[in-house]
Amino acid sequence: MHEISIAESILEIAEEQARAQNARSIQLIKLRLGEFTTIVREALEFAFEIARQGTLAEDAVLEIETVSILVRCAVCDRATQPVVGICLICTVCGFPMEILTGEELQIEYIEVETEEEWIKWKLSQKELPQGQQSESRSRPTS
Amino acid sequence: MFEDHGLLVINLMSAPGAGKTTLLEATIKSLRGRCRLAVIEGDLQTDLDAQRIQALGVRSHQITTGTVCHLDARMVARALTVFPVDELDLLVIENVGNLICPASFDLGEGLRVVVCSVAEGAEKPRKYPVMFHKAAVVLINKIDLAAASDVDLVELEANIRSVNPTATIFKLSCKSGVGLDEWTEWLQHAVAARQASVLVGA
């Protein structure tokens, strides 16, 4: 259930960035989520659905990239991807291993729509004849 | 912000019932007169733990999270208005008893300390690897119960090392007092080192 706090925090960061760009809405939030965290992807997606209401990201897509665990032995340089459980003692030389990837919780980028782009889109909709309007419903994003 | 004050902040975590508050009481008694400390307590309900700390003459503040399974930095920031942080050497934040969620929330601490009581069984570090991996210090508590709990301390320590090869580990019992001095002396050195780093501008 801690995913709701994480979702709120993600939205807070994304909104801060979006406001700095004078954006009127957030279209997409790209997240990198490591496997070696206590955050469950499905739970985070569900929490995001709730937390985004009333924010600039109300209609945003949350795109999550899962980052696998990769560990490496500092001594023999052997890199492995643990399958079941994690053990940070190298099975070859017995020295400690370090986690290279898998601990990520990172907003990689966001896509926003600025006021200018939105007005442009609205105007383009008015210029189009009635029949074509429905076809160009997908709005451009930057 | 804690760095600027030369203040050592500990995020104390464990499963419910591992003995965090009892350990904290024993630590406070041992450090009495040697460092200025305060405690923030996190629980879902009640201020029982804050009362226990206050009974020792130490300033404490209880955060009750309602149903939330962890403390986060915002809750701690709000609690900080209660403490004049520049008058402290050590601030201990006792997190909600839980081996999962608190691992993901950075509270601005300098040290993560995880308490693991032997009665929980030797395999806990492998079952909750994120929590144990992120700990700087692991305190194996209630070692007086090892035989009664049928737990091999060597196996437990090896399991901690398997997810955290560089952890500083202490084995102690708050009940018998064995091992407590090693921990509190180490902690006092850590507090002094924290202050020294500010004095030299590191």
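Placed from the backbone N, Cα and C atoms, the Cβ positions cover glycine too.
The Cβ neighbour count for A:His2 (Ni(2+) binding site), using a 10 Å radius over every protein chain in view, is 23. Marked as Ni(2+) binding site by TrEMBL: A:His2.
The Zn(2+) binding site annotation in TrEMBL covers A:Cys73, A:Cys76, A:Cys90, A:Cys93. A strand conformation is recorded for A:Cys73 (Zn(2+) binding site) in the three-state DSSP classification.
Chain B has no C-beta under 8 angstroms from the C-beta of any of the binding-site residues A:Cys73, A:Cys76, A:Cys90, A:Cys93. Its own atom aside, the Cβ of A:Cys76 (Zn(2+) binding site) has 12 Cβ atoms within 10 angstroms in the protein chains shown.
Mapped onto three states, the DSSP output places A:Cys90 (Zn(2+) binding site) in coil. Residues near A:Cys93 (Zn(2+) binding site) in space but far in sequence (CB under 8 A, at least 6 apart, same chain), listed by position: A:Cys73, A:Val75, A:Cys76, A:Arg78. Annotation for A:Cys90 (Zn(2+) binding site): same-chain Cβ neighbours under 8 Å, separated by at least 6 residues, are A:Cys73, A:Val75, A:Cys76, A:Arg78, A:Pro96, A:Met97. Listed in chain order, the residues near the Zn(2+) site other than A:Cys73, A:Cys76, A:Cys90, A:Cys93 are A:Ala74, A:Val75, A:Asp77, A:Arg78, A:Thr91, A:Val92, A:Gly94, A:Phe95, A:Met97, each with its Cβ within 8 Å of the site Cβ centroid.
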